[in-house]
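In Swiss-Prot this protein carries:
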BINDING   31, 32, 33, 34, 35, 36, 37, 38  ATP binding site
């Protein structure tokens, strides 16, 4: 399994200079609000994805007194790989993998598959289909090598088609060549998504069944993949039927860019019926299902970044999550203001493989002496 064995952070937010040597299992990061513990998770995300899970404005990632930040990671997966990323305030970005220049963040993502769960993850239930589609496509991207090719082709066709739709007096015949290419790409995308979703759905239902609250619900919790067009007909023919509507709006209404993963209780969106704690359990089950399908199909396990996991989870459900992560075998980075709930709930007090880090005013300190853990339990 891929694990991050070393992390060097320079001028990233309030972390002026920090070096971490994480363990291959649980890495627990504690600290007060604003101390910088979430920034550690964020730096790993930027290093692995090329982007932050907190902001789209990269200048906010650079320490106020500096003109750039630099991140370096050492990944072990049978052999050691070195990855690095630097970003300057003028927008310049440098990515290096094993001392060679890389051109896209996709190459980083392939080195270190990463799942990030934080407060924004509630958008998987509260947000639009785009949020869930992006979440699910992470899995399809990693387990189906051809997906990237067909998605890029599809995106190019949609962009060109929408551009033509906004032109004066566009005819159906002018769109036809693009529609044919769009249809081919969409069929491949839907085929791959459907195949992966069968596995995902099975694992999700198994994982959510571990939480007791599902037995008290008045209806069955379901997870369904919904295509972006009607499955009763040909996509190309449906594009033709939508022509006048698309011209009037200036964009394409149906297609793989409109697909969704629905989480319902009976026929009602689950978010409208479940408590905040129950929603958190559903979100955990979604992430665990992704990780399990990823492991089943690739033989690898993703790295988990869990920001303030204990929030909204009671002791029993937190224990269920800890057991599932242990069985999965993933490397985990988890933050908590008070690590007591994780230490006790996950039975980590005497675990010699645990790495504990404490962050204060941007300074990171290793708290790995097993005798020190009792101080967090007082």
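Just so it is clear, glycine is given a Cβ too, placed from its N, Cα and C backbone atoms.
In the three-state DSSP reading, residue 33 (ATP binding site) counts as coil.
Minimal Cβ crowding within 10 Å, among the binding-site residues 31, 34, 36, is found at 34.
Counting neighbouring Cβ atoms within 10 Å of each of the binding-site residues (33, 35, 38), the lowest count belongs to 33.
What surrounds the ATP site, by Cβ distance within 8 Å of the Cβ centroid and not counting 31, 32, 33, 34, 35, 36, 37, 38, is the set 39, 335, 337, 359 from the same chain.
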